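Going by Swiss-Prot, these are the annotated features:
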type: REGION; residues: 1-114; note: region 'Phosphoribosyl-AMP cyclohydrolase'
type: REGION; residues: 115-201; note: region 'Phosphoribosyl-ATP pyrophosphohydrolase'
């Protein structure tokens, strides 16, 4: 997180004391929005943990989500190499855009952003009707059955690679990823847990 010393080192004069801030989803990497912060807005953002801008149209401080409840919870914030732009990593509560989309730049989405949305969808299927959802049926079948499916798909993925069938390898890898994500959700885990463990190694 930015220190008071780093905040003072930002090139405020260059940007007329209105620092451009790009807000990026801390997990998916999707760019959510951009806005401007003066020093007060930046200090409030860091102290409150909720991204706060200076609204040039309203001429006042504005905490994203103050009326809708769709806050952008601050994870971290970084200056760029010229100290005239900030990148804020955030955990959004609800949609970011006032049009109801996840990003003000929708439908733009990264590949990792799709995985994040898929993970949210799989989590929501835990309470769905097993008669109308294959994923819900998997959850209802229990952990052992889900784990068995991961094993089966892993074997099929390996066999496709062994015979150099790239098309089938892609298909089987997708099936394996899907079932692995279901298993992680079943165990109250997610891809972020796996990524953190990989970083530790």
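Glycine residues also receive a Cβ, built from the backbone N, Cα and C atoms like all the rest.
Per-residue pLDDT, averaged over the region 'Phosphoribosyl-ATP pyrophosphohydrolase' (115-201), rounds to 97. Assigned with DSSP, the residues of the region 'Phosphoribosyl-ATP pyrophosphohydrolase' (115-201) fall into helix, strand and coil as follows: 72 helix, 0 strand, 15 coil.
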